[in-house]
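I have placed the structure first, in the form of structure tokens, so that the comments after it can refer back to it.
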């Protein structure tokens with residue numbers, strides 16, 4: 001049976017822009033991977049460098065290189081802008097809504113790249129790290145307000161007797177979206193410090209989102225997922241170029257710039273593609289790391305300035321970093337968390353007189369606690385495998401289990 | 001006679017968003033003027049500082065502060081986004097075209113701010129200075145392509161017999177728009193080096209555009225001019241805050257960031273408001289400075305690394321800076337320019353044997369050549385007065401003289 005011309009038209013409309021995007025992404029990869037080494041000197045001259053604490057040498061490693069992959073990502077997207085809309089122009093009607101979404105998503109990402117780079121250069125304070133993503137998500141929220149202003153959420157089945165089928169969240173939905181951007185950017189930023197880890201985890205998340213998008217292309221919501229793919233493919237391409245230079249032994253560091261850019265990109269496609277809950281599902285290791293870090297982040301227990309694993313230059317391996325304090329320095333909240341973590345065997349804990357010696361509460365240290373000291377490349381590999389396994393779990397939750405909670 | 005409700009409605013639609021914008025701009029001014037001194041230390045720590053060559057002291061002056069006023073400008077615009085469209089939402093129909101224009105204009109400006117800041121931090125090369133505005137104007141051009149794609153220009157009356165009433169420029173029009181962005185950003189950047197001058201001239205240009213917009217609000221094209229005012233008011237407010245700290249003796253330098261941001265903002269409103277020729281009219285001193293600089297910029301005559309006026313620490317005044325080279329080092333183009341400039345008495349010229357001593361070809365040096373050595377604040381004042389006089393000239397050309405060339 002021959003496919004009808006309508007079917008062909010539909011397949012064309014769905015895949016043509018994606019295929020163009022794919023070719024542009026490949027080009028962007030090739031350019032970025034060659035560009036990064038050329039710019040290394042320029043960054044070091046500009047005082048944008050760090051010393052790798054987990055190496056025997058103490059060479060200057062250029063920092064904030066995420067701005068290069070980020071700019072290449074943006075340029076690719078700029079050049080791509082007319083592609084999805086050219087077909088509509090030929091047909092005579094034009095999808096203004098989608099166009100505005102594309103531009104405003106780029107505005108939010110560009111703004112985040114600017115603020116991330118400013119953070120790397122100026123070394124902003126913690127409160128700015130929360131403020132920046134909020135500012136950068138403003139255009140997105142404004143566009144959401146004007147374009148959709150749909151703040152109704154579907155209630156999961158078990159709660160429907162209590163809350164009804166759906167609830168209009170009103171302004172709370174905007175708070176949720178703003179917080180999503182803040183969470184995504186910072187969650188990646190605090191699971192960091194090992195060569196290749198920031199980019200590695202972001203790549204897995206991006207690939208997971210892209211796979212999810214491809215699956216959903218056959219659904220009624222295919223437009224939203226096509227839209228998301230437009231961003232994910234060039235993001236994956238340019239980040240992969242960065243990954244090649246950031247993997248052990250890192251020639252370049254990615255900086256807060258990259259974490260901000262990545263978090264914002266994921267938040268943007270999640271919000272505008274209406275799959276923010278699924279996006280969060282791909283953040284399981286980051287969510288765990290955040291929850292695990294809470295006692296130290298919010299100073300419920302004393303927190304040292306750096307929580308990176310400790311480098312043992314004799315064995316060339318990384319081992320857990322520890323912190324020591326008086327038991328009495330913990331407040332009630334800290335004690336509750338510590339008791340919970342000890343019950344779950346999530347931390348190492350030695351008490352002597354009033355003094356406590358424990359590991360820093362990060363996922364990286366937990367991995368080292370379980371596997372023992374690891375070589376840096378192996379540690380990053382283990383963490384990325386965990387990210388991949390969590391993506392599998394996320395797909396399990398999203399597909400078979402979701403049927404229990406929603407009518408899909 | 002009472003005004004009809006339609007008239008009231010019209011006045012409301014025209015002025016309500018502008019008045020809100022004005023109040024937001026005043027707030028932005030107050031915040032920015034207080035914020036800048038607080039961030040000075042942070043910039044110096046980040047190695048972003050310069051030494052003022054025209055002062056007796058050699059204090060570190062924070063550089064690239066334009067990023068602060070630029071970010072405040074963007075934040076103000078982000079918060080303003082819903083205002084002009086809220087009224088349309090109430091009426092039930094929504095001006096998608098205008099909305100896309102607003103967002104894409106912000107995208108271009110944000111992108112330019114990022115690239116300008118990257119330039120200040122990384123000290124990009126000359127070819128990047130041409131590349132950056134081109135990249136940043138991409139989203140604008142793409143949106144223009146999709147939204148209007150009107151590349152027809154009206155021919156001035158005297159040429160109509162030859163060329164007809166109008167000509168479709170096609171792709172050349174896009175080249176023109178891209179070059180406008182490149183020209184605006186760099187033209188401000190090369191008329192610089194005196195405390196308060198970069199911001200001062202930009203403020204005069206911005207105020208001129210705003211006055212032009214207010215005049216044109218009563219024309220049929222009022223929407224385009226209302227749109228331009230949305231940008232000009234917060235731009236003027238935040239730049240004026242910067243001006244207060246950059247005026248002699250400068251506490252902060254504005255950096256390429258500011259010049260890029262300003263040039264792009266003017267190009268954006270000129271292009272989207274369809275008054276790019278009028279915008280260029282407000283750049284008379286910059287155009288003159290560019291033409292005057294051509295022999296040195298394009299190395300037709302030997303060009304020293306810096307062309308800033310020379311500081312005389314005894315008199316605390318600035319005097320012309322000179323350059324010396326062999327007559328034979330000039331090529332044919334250089335000789336033609338030099339002969340023209342000498343005929344017009346635009347340069348000082350001393351020849352001895354084969355050696356030549358002349359001033360550097362900048363408007364600043366020309367002013368010093370005419371008025372003699374001046375105190376820095378006085379020099380900046382003279383240059384700003386020239387800018388104001390040129391604005392008056394521009395209005396003369398735009399209104400009384402334009403009738404000779406166009407049917408308006």
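Using N, Cα and C of the backbone, Cβ positions are placed for all residues, glycine too.
All TrEMBL annotations are machine predictions without curation.
Within the set A:46-62, A:199-215, the record from TrEMBL flags A:199-215 under the feature transmembrane segment. Take the transmembrane segment (A:171-192) and the stretches A:130-151, A:227-245, A:257-275, A:380-406: counting Cβ pairs under 8 Å, A:257-275 has the most. Sequence-distant residue pairs (6 or more apart) of the transmembrane segment (A:99-118) and the transmembrane segment (A:257-275) include at least 3 whose Cβ atoms are under 8 Å, placing the two stretches in contact. With Cβ pairs under 8 Å as the measure, the transmembrane segment (A:355-374) is packed most heavily against A:281-301, out of A:64-87, A:130-151, A:227-245, A:281-301, A:380-406. Counted as Cβ pairs under 8 Å, contacts with the transmembrane segment (A:199-215) are highest for A:380-406 among A:14-36, A:130-151, A:380-406. Using the rule of three or more Cβ pairs under 8 Å, pairs at least 6 apart in sequence, the transmembrane segment (A:227-245) is not in contact with the transmembrane segment (A:281-301). For the transmembrane segment (A:380-406), the most Cβ-contacting stretch among A:14-36, A:64-87, A:130-151, A:281-301 is A:281-301 (pairs under 8 Å). Counting only same-chain residues 6+ beyond the ends of the transmembrane segment (A:64-87), those with a CB under 8 A from a CB of the stretch are 12-13, 16-17, 20-21, 24-25, 27-28, 31-32, 35-36, 39, 43, 48, 94-95, 98-99, 102-103, 106, 109-110, 113, 116-117, 120-121, 226, 230-231, 234-235, 237-239, 241-242, 245-246, 252-261, 265. Spatially, the transmembrane segment (A:130-151) is not adjacent to the transmembrane segment (A:14-36); fewer than three Cβ-Cβ distances between them are under 8 Å for residues at least 6 apart in sequence.
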